[in-house]
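These come from Swiss-Prot:
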SIGNAL    1-24  signal peptide
CARBOHYD  N57  N-linked glycosylation site
CARBOHYD  N89  N-linked glycosylation site
CARBOHYD  N244  N-linked glycosylation site
CARBOHYD  N266  N-linked glycosylation site
CARBOHYD  N393  N-linked glycosylation site
CARBOHYD  N450  N-linked glycosylation site
CARBOHYD  N475  N-linked glycosylation site
Amino acid sequence: MNTNYKYIIILIFTFLNLFKTCPTYPKPIKIDQNHPLLLKAYNEIDNLIQTKMKSDNISSFIATIVYKDEIIFSKAYGKINPLDENSLNLTLNNNIRIASITKTFTSLMMFKLRDQGIINSLDDDIRDYFPQFKINSIYKDKRNEKITFRQLASHQSGLARETPCDRIDYGTNKCNDKVILSKLSKQFLISKQPNILSHYSNLGFSLLGRVLGESLKMKKTMKEQQAYEYWVTNNIFKSLGMDNTTFNYDEKVKDNMAIGLYKKSNGSFSIAPISPAGWNSPGGGIFSTANDMAKFMIFLLSDENQQQSESSFYLEETTLNELFSPMNLLRDGFSVYGIPFLHTYDTSNSIWISAKNGDLTGYHSNMAFVRPLKLGFFFSSLSDINSPDIYINSTIDILVPIYEILLNEEASKIQQIENYLIKQEIPIIPNSFLAGFYKDFHGNEFLIYNETFNGNGDHTINGNLLVNFDNSNSNLTIHTFELDKDYPYIKRISYYDETLQGCRLLAGGENEELIYFNFINNDNQQESTNFNDIKNLKVYSVQVMGLLLYKI
């Protein structure tokens, strides 16, 4: 290809991305789950799962979808034991292994203990709480010597992927605390750049859980030998009503267990072996059910979580945001490791998906969130599967467009009502007082339109005044400040249509800024905020974006 053509293509691509608008999402509100579009979508999802199960030769499968605080789709496919034709049908209350999805519970425990002051900071060296842990490093830089909670939870610790034990010894005395710590003390970190490169580590998460347990013992808030398991069980499982979720592979779980299968070399299927995870439980040892996982997802999505500060297990909104925050961008450019989720940008729907997979022999699960729309998905295949996302991405392609359509429709109805109510209110400061041309001595300009400014009709959007800042034509409007009754001279400026703007402009420009109008008394020309006598006041100046501009 001619070099000039290459440059032209690059320039066009750059230009298009420069002006690409920022995707916006409707506010998640209650919608009719019996709407024909939703019923059709749920039927499509059902057909999708059955079609893919058939093509992938999967006998048993579980799918649960939640929206805000309710289950909107939930179905079990196949038998409890697919190899037994007389087996009972699989249910949403049968136990399965969720494997590495356990890491979400361990992460939640870490944030909660930080919030409670049990651990001082996520950037503390874990050896301050667990001095028994030792590992060697070939790096002499003192900055690389410590391993922190944050590094363990974000796969940036430099630890190897797996615990230094044979898998068949998990849960036995051949792979207990003493044995593992002894082996690690003779091994080395594998990463040249801890805290920069991501290297997935089951060992790191198992160690994280054990250190969290030790921190509870150190602060004398717990005496139990298995402090990690005890805390998660009593503070998360019991608080959320996850009655069939446990670390214990006891008789109750065995009797309720859905049978996972693995394919042998000859193509036939065999029952997957199950053994306790033991020391490795924080990285993948939980047994749960679809219904219990729905409760967990609802907890992470529901607005009620932020409102019930008196509940037995409460998360601050800032902590919940940390749980869903990105940490380290991967080399593909659109996937990011977080704590504990892998965040991937779905280009077809212009939305981020936060997901955590769990894979053990015979059990392959995925828990994923489309958080802007408060949708949660838990899908589990009880045999090997060719889909890393366990069919969730295809399900999102069906569901997200429908939810956006219906939520936008509901939002439009609500907006019409709000606009009507706004028109019925008599503002403390009429729009005509604010409209006009503002300028400072450096030539900066701020123009506010109303229906009388230039005689060309009503220049308002949904009752809000239009704004032109420095001749930018940036479709800004003036909105009522939330505390308008107490501070009527304060207003908010924002874009009346955010879909027309780029993400960087929305984040770094005038959007959502507060502006402050200054009034003077007509009689004595002194500043005044006595709005009981509004007819005797006039606007003198406005403070906006760090500028003081005077009304001309």
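Using N, Cα and C of the backbone, Cβ positions are placed for all residues, glycine too.
Features per Swiss-Prot, on structure.
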{"residue": "N57", "record": "N-linked glycosylation site", "Cβ within 10 Å": "13"}
{"residue": "N89", "record": "N-linked glycosylation site", "Cβ within 10 Å": "11"}
{"residue": "N244", "record": "N-linked glycosylation site", "Cβ within 10 Å": "18"}
{"residue": "N266", "record": "N-linked glycosylation site", "Cβ within 10 Å": "5"}
{"residue": "N393", "record": "N-linked glycosylation site", "Cβ within 10 Å": "19"}
{"residue": "N475", "record": "N-linked glycosylation site", "Cβ within 10 Å": "16"}
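N393 (N-linked glycosylation site) has N57 as its nearest neighbour among the glycosylation sites N57, N244, N266, N475, going by CA to CA distance. Separation of the C-alpha atoms of N244 (N-linked glycosylation site) and N89 (N-linked glycosylation site): 18 Å, rounded to the nearest whole number.
N89 (N-linked glycosylation site) and N57 (N-linked glycosylation site) have their C-alpha atoms 18 Å apart, to the nearest angstrom.
In the three-state DSSP assignment, the secondary structure recorded for N89 (N-linked glycosylation site) is strand. The two recorded residues, N266 (N-linked glycosylation site) and N57 (N-linked glycosylation site), have Cα atoms 15 Å apart. Recorded residues N475 (N-linked glycosylation site) and N57 (N-linked glycosylation site) have their alpha carbons 54 Å apart, per Cα-Cα distance. In the three-state DSSP assignment, the secondary structure recorded for N393 (N-linked glycosylation site) is helix.
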